[in-house]
Amino acid sequence: MNMAAAIPVPVRLAQLPRMKPGTVSDVDWTHLSEPEARRLRELGLDEGVEIELLHRAGLFGGPVACRIGRMTVALRRHVAAAIHVSPSVG
Amino acid sequence: MNPAPLVALVGNPNAGKSALFNALTGARQKVGNYPGVTVERHSGRMVLPDGRPVELIDLPGTYSLDPSSPDEQVTRDVLFGKQAGERLPDAIVTVVDASNLDNHLRFTLQLIALGLPIVVALNMVDLAERDGLKLDPERLERELGVPVVPTVAVRRRGLDALKDRIADLARTAGKAQPNPAIQHDMIVLQRRARQIASAVTVSETAARRWTHRLDAIALHPVSGPILLLGLLFIMFQAVFAWSEAPIGWIEAGMAWLGGAVGDALPEGLLRSMLVDGVIGGVGAVIVFLPQILILFAFILVLEATGYMVRAAFLMDRLMAGVGLSGRAFIPLLSSFACAVPGIMATRTISDEKDRLTTILIAPMMTCSARLPVYTIIIGALIPDRAIGPGVGLQGVVLFALYILGIAGAFVAALVLRRTVTKGATSGFMMEMPKYQLPRLRDIGLGLWQRAEIFLKRAGTIILVTTIVLWALLSFPKPPEGSNISPVDYSVAGRIGNALETVVAPIGFNRDMALALIPAMAAREVAVAAIGTVYAIDNPDDAAGEASIRDNLQAHWSLPSALAFLMWFVFAPQCISTIAVTRRETNGWKWPAFMLGYLFAIAYISAGLTYWTAVALGLG
């Protein structure tokens, strides 16, 4: 396996292409309010967890639906923008 | 005698906890309230294999023991033995979704650390298998160190094994105390949970779940909103179309009862009270049971299938525009059936300002109690003519009243969020459960509970109001030979005449003013009140809806009727709503505010409607 290709550049979840799973590399917890951060952790978000963008609601900056682990979760865009994802290769 | 051991059902939302509760207790359920909070307390009796009874309580679903909304607080307090009105549970059944172990086990670990006797129900193992997930329950039992029972609550699988385990735990009942020093670090718990989940997973094939396929349509930016609008359209269509036949049966039954009682009793006070007051009044309300049940059936099905959260997802952008979150959509939709359960459903909204705003606008959603008023006035005074192919003027007016309520609520939310309920924008973060076929039994149980509440209301508040109103309308009787009408001479007539001076500027006559007073107890009574007024004024007329219609046409002008309808769109005419608002907001401040602003909107908009209609020459 080519090592250069195996370390992709992390992108924000909001910009991740749909249906392309990746791994959470980093979360800007400071960009989230305390209750938001707590609920996000309760929904299983953590570094190293598999994540996938499933749906975007509408065109006007509506929420996104993503898969965190085996769970589907709805998030607002600004939360999705705080989650950095390393896209999986292949 | 010692009370039966108390066993608490605890788990994440969407773990199938309520289905398990229904399967274990059947119809032996009680829905009550915890004192001081409006969280419903669901409890039921279960008989163990050895014949001992156990009291089972279904605690609100939560993700951890750190609560972020009022219902999650109840779960925490009960488990620590700190909830007023509840004893400390003797044992816990924690329900986990087999296909979501890495998340649900985190809460299970926290519960195990609590130290109360515990059994894990590994629920929905069938769905996990369908998703290509094979688990090892014995391994899970070893990893957790507590009993694990695989179950499929909706198919009643694994229930006997679970009852055996509960029986084992119940033997040591009452000895353990909760350990306050439990692990709260989410990350530590989460990582341990993921470790266990992967250890007990025998094999996992990447089966594309059909939930994803359905979501591809239901959450699609184009087809999603179309589907949602279509479902709402079918729902409201059904409320009217499907209810026609059962309403006919109830009306026929009431007419028969009224006739039978009328024939059996001699002319006089008792007959007048029973026929005009009780049967006329309560009958006018019970007629709407079919519509209310159809509406609730739709809401229960939307919730049970998992679609409701999708609807909230689609609505979030729109709701965010007026400072609310998509979560508010669920209580607001319930408010179309009745604002009381709607307002109670706001307890899942964690943000305080967000929740308060939702409570304040919920009464503007057209609840089923307004339907009788709308239907009868539209039927009597709006011409029944087509204004397009398949579109009738009466239907358009009814639709417009619904839209007005929604529009009013959105404008109110927008204004409230910038003034009295100002605060940071609230978030929207929700787990989207897997789609599931609703179980007829669970829907039936839910409907039965709603019907019971409604009939109790009809039998108590509405019955008492109609009798009191009948008495106030009937006494004192005018002296023999007087040319004052019996209604004008009665106590209620005098109150109505006094109130008329306040509402005359917006086009209301005395009968309308009179109907407003009992409508405070329940809006539906307005119809019965108008009926009773005319029945007492013209005792020779045939009773029933036809006579109400004739009298409305004779006594009401079109501008007045339109103003009256407009009043009912906005006026907070319902004591139960005000009471539940007081309980939800812990004081009189917000219900008083709600009364003030909604009555002001009702008065002004009714006035504007009346003056415009008169100016247009409609009267």
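FYI, residue positions are counted from 1 along the chain as it appears here.
Placed from the backbone N, Cα and C atoms, the Cβ positions cover glycine too.
What TrEMBL says about this protein:
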type	residues	note
DOMAIN	B:4-172	domain 'FeoB-type G'
TRANSMEM	B:217-240	transmembrane segment
TRANSMEM	B:277-302	transmembrane segment
TRANSMEM	B:322-344	transmembrane segment
TRANSMEM	B:356-382	transmembrane segment
TRANSMEM	B:394-416	transmembrane segment
TRANSMEM	B:454-473	transmembrane segment
TRANSMEM	B:561-580	transmembrane segment
TRANSMEM	B:592-613	transmembrane segment
Within this structure, do the transmembrane segment (B:454-473) and the transmembrane segment (B:322-344) have 3 or more Cβ pairs under 8 angstroms, counting pairs 6 or more apart in sequence?
no
When the pLDDT values for the domain 'FeoB-type G' (B:4-172) are averaged, what is the result?
87
Long-range environment of the transmembrane segment (B:454-473) - Cβ separation under 8 angstroms, sequence gap at least 6:
272-273, 276-278, 280-282, 285-286, 289, 292, 486-487, 490-493, 495, 514, 517-518, 521-522, 524-525, 528-529, 532-533, 536, 575-576
Same chain only, please: residues at least 6 beyond the ends of the transmembrane segment (B:217-240) with a C-beta under 8 Å from a C-beta of the stretch. Say none if there are none.
291, 294-295, 298, 302, 307, 310-311, 313-315, 368, 402
Mind pulling out the one from B:356-382, B:561-580, B:592-613 with the most Cβ pairs under 8 angstroms to the transmembrane segment (B:394-416)?
B:356-382
Are there residues at least 6 beyond the ends of the transmembrane segment (B:561-580) whose Cβ is under 8 Å from a Cβ of it, and what are they?
38, 339-340, 343-344, 362-364, 366-367, 369-370, 373-374, 377-378, 380-382, 397, 401, 404-405, 408, 457, 461, 506-508, 512, 516, 519-523, 526, 552, 591, 594-595, 598-599, 601-603, 605-610, 613, 618
